[in-house]
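Q: Sharing a structure here in structure tokens format.
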Amino acid sequence: MLKDKFAAVAEMPAMHKALGFLDGNIYPAVYAALALLSSFFGLEIPLFVLTALLIVFVCLFARDTRSLLVPVVFVMFGMSWKHTPQPPYYSDFLTQTYFYVVLGVLGALVLAAFVWRLIVWRGERNFFKDKSAYKWGLVALCAALLLNGIFFSGYVISDLFLGALFAFSFIGLYIFFFNTLEMRKNLHMYAAYLLALACAVIFVQIVYILLFGDVIKDGSINKDFFVAGWGMSNNVGGYLAFFLPACFYLSVKVRRGWILYVLGFVFFGGIFFTQSRTAILVGGFAVVCMAVYLSVVRSPQRKFIRIFNIVCVAAVIVGAVVFWEKIAELFAVIFDRGFDDSDRFFIWESGLKNFLRAPVFGVGFYEPIAPDWSYGIENWLFPDMYHNLFIQMLAGCGIVGIAALVFHLVQFAVVIFKKGITVERLFCAAVALVILGTSLLDNHLFHVFPALIYSVMLLFSERAPVNEAPPAEASDRESGEPLPEPCSTETEDGQGCE
């Protein structure tokens with residue numbers, strides 16, 4: 001069999017070392033650093049080529065596909081300021097023919113590697129044959145996305161292509177990892193390790209923007225110019241909010257977890273500089289919930305967490321009183337806009353009107369929100385959307401879409417509560433819920449990469465143990481478990497170590 005032949009090649013000394021590196025602790029940090037360097041110096045093409053080669057190599061030779069989670073999380077952050085089409089940079093890099101050619105070739109190579117892996121390296125599980133807690137909800141959701149706007153008079157072929165892209169982002173990686181990912185000790189810690197590293201990458205990019213991005217004018221941050229190579233201010237703040245639960249999860253799972261707990265608050269503070277009100281609101285709510293939960297649950301860090309929470313609240317109050325004028329000046333956009341809806345009520349009302357025009361399958365994704373109205377975002381890749389997950393599905397995909405979404409969310413709730421609430425499952429649920437929560441006021445879930453992360457978290461929530469797995473032994477860590485070292489013993493209620 002082909003699988004046996006490639007497995008034999010993988011046992012060669014040089015191949016064994018290479019695969020060991022990709023399965024180890026350092027590789028995610030190295031890849032994250034490369035993505036960061038790419039964002040600074042415009043090295044997208046080399047990063048994409050390297051990523052494609054890594055994916056092909058892993059799909060051909062690796063026993064497990066866990067290492068492919070790394071590019072899933074980090075590759076987007078390699079997009080540079082130098083090549084972004086957004087103001088004030090206005091690069092035409094993403095519209096160049098050679099870029100599309102390179103992207104097309106690499107994309108075809110990656111897709112072929114994925115298909116080959118699914119066919120040749122058949123794992124113990126098969127999405128199409130085995131039971132999956134999310135299968136039919138995701139299938140229904142993808143069908144609704146593919147059928148968006150069908151039979152509507154304004155339907156265009158772009159609706160089909162965009163619907164297919166959205167459908168793939170929800171189910172593509174879920175199927176791939178369902179079939180190929182091995183359930184190993186501390187797999188959820190590995191995922192959290194990646195997301196915590198991603199928080200660090202985004203935070204460094206925020207600092208870079210503040211220092212070199214010319215975004216501070218007259219003492220205030222110009223939200224409109226707060227741009228990363230991979231997104232605008234709302235995207236930057238949103239992603240940081242998505243990944244925050246990883247820091248708090250690791251804080252009760254590793255030695256010296258208090259460092260991760262403090263970093264969680266530091267990264268949350270970074271969201272304020274993006275001035276994304278949605279990310280601040282939803283991320284803040286998540287941080288408060290996690291802080292309260294970790295103040296109650298038994299863990300080695302509980303005493304520190306309680307003291308830190310009190311000190312943090314006191315420091316915020318004192319800092320606000322002492323530096324109020326400077327804070328009000330620096331974050332003027334937040335205070336000026338306050339609870340202004342930024343036309344969201346008009347957008348949502350328009351979405352309901354569009355739903356009534358085509359109530360079964362919706363008006364599609366490319367039908368204008370309202371006649372002669374647009375966000376006016378320059379060089380944006382997606383059509384105008386409704387800034388609300390439910391309104392978007394209702395207007396774009398009609399009753400079929402909203403029914404599929406509700407069906408999926410019911411399955412999500414069943415997994416979280418019926419399968420048993422553990423720290424692992426709470427971590428996955430927290431990431432997914434922050435993505436869903438921010439998508440009630442923004443479009444995050446329809447920007448492809450958040451949906452990819454969301455789908456992976458769905459799989460991890462389904463695969464989370466009913467009772468938390470015991471800490472990895474030394475041999476497991478040596479074979480490539482995440483960099484933070486797990487606790488030596490576990491409490492009776494399974495929430496940490498003593």
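Including glycine, each Cβ sits where the backbone N, Cα and C put it.
Straight out of TrEMBL:
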| type | residues | note |
| --- | --- | --- |
| TRANSMEM | 29-61 | transmembrane segment |
| TRANSMEM | 68-85 | transmembrane segment |
| TRANSMEM | 97-121 | transmembrane segment |
| TRANSMEM | 133-154 | transmembrane segment |
| TRANSMEM | 160-178 | transmembrane segment |
| TRANSMEM | 190-213 | transmembrane segment |
| TRANSMEM | 225-250 | transmembrane segment |
| TRANSMEM | 257-273 | transmembrane segment |
| DOMAIN | 265-405 | domain 'O-antigen ligase-related' |
| TRANSMEM | 279-297 | transmembrane segment |
| TRANSMEM | 304-324 | transmembrane segment |
| TRANSMEM | 389-410 | transmembrane segment |
| TRANSMEM | 422-438 | transmembrane segment |
| REGION | 469-498 | region 'Disordered' |
Q: For the transmembrane segment (97-121), which partner among 68-85, 160-178, 257-273, 389-410, 422-438 gives the most CB pairs under 8 Å?
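A: So the stretch in question is 160-178.
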Q: Looking at 29-61, 68-85, 190-213, 257-273, 304-324, which one has the highest count of Cβ pairs under 8 angstroms to the transmembrane segment (225-250)?
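A: Against the transmembrane segment (225-250), the leading stretch is 190-213.
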Q: Counting only pairs at least 6 apart in sequence, do the transmembrane segment (68-85) and the transmembrane segment (29-61) share 3+ Cβ pairs under 8 Å?
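A: As far as Cβ distances go (cut-off 8 Å, pairs 6 or more apart), the transmembrane segment (68-85) and the transmembrane segment (29-61) touch.
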Q: Would you mind listing the long-range same-chain contacts of the transmembrane segment (190-213), meaning Cβ under 8 Å and 6+ residues beyond its ends?
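A: Long-range Cβ neighbours of the transmembrane segment (190-213): 28-29, 32, 35-36, 39-40, 66, 69-70, 73-74, 77, 81, 221, 225-228, 236, 239-240, 242-247, 249-250, 253, 260, 263, 266-267, 270, 273-274, 427, 431, 456, 460, 481-484.
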Q: At a threshold of under 8 Å on Cβ distances, which of 29-61, 257-273, 279-297, 389-410, 422-438 pairs most often with the transmembrane segment (133-154)?
A: 389-410
Q: Could you check whether the transmembrane segment (279-297) and the transmembrane segment (29-61) come into contact, where contact means at least 3 Cβ pairs under 8 Å with the two residues of each pair 6 or more apart in sequence?
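A: Stretch pair does not touch.
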Q: May I have the DSSP-based helix, strand and coil counts for the residues of the domain 'O-antigen ligase-related' (265-405)?
A: 95 helix, 0 strand, 46 coil
Q: Mind looking up the mean pLDDT for the domain 'O-antigen ligase-related' (265-405) in the predicted model?
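A: Here the predicted model's pLDDT, averaged over the domain 'O-antigen ligase-related' (265-405), is 92.
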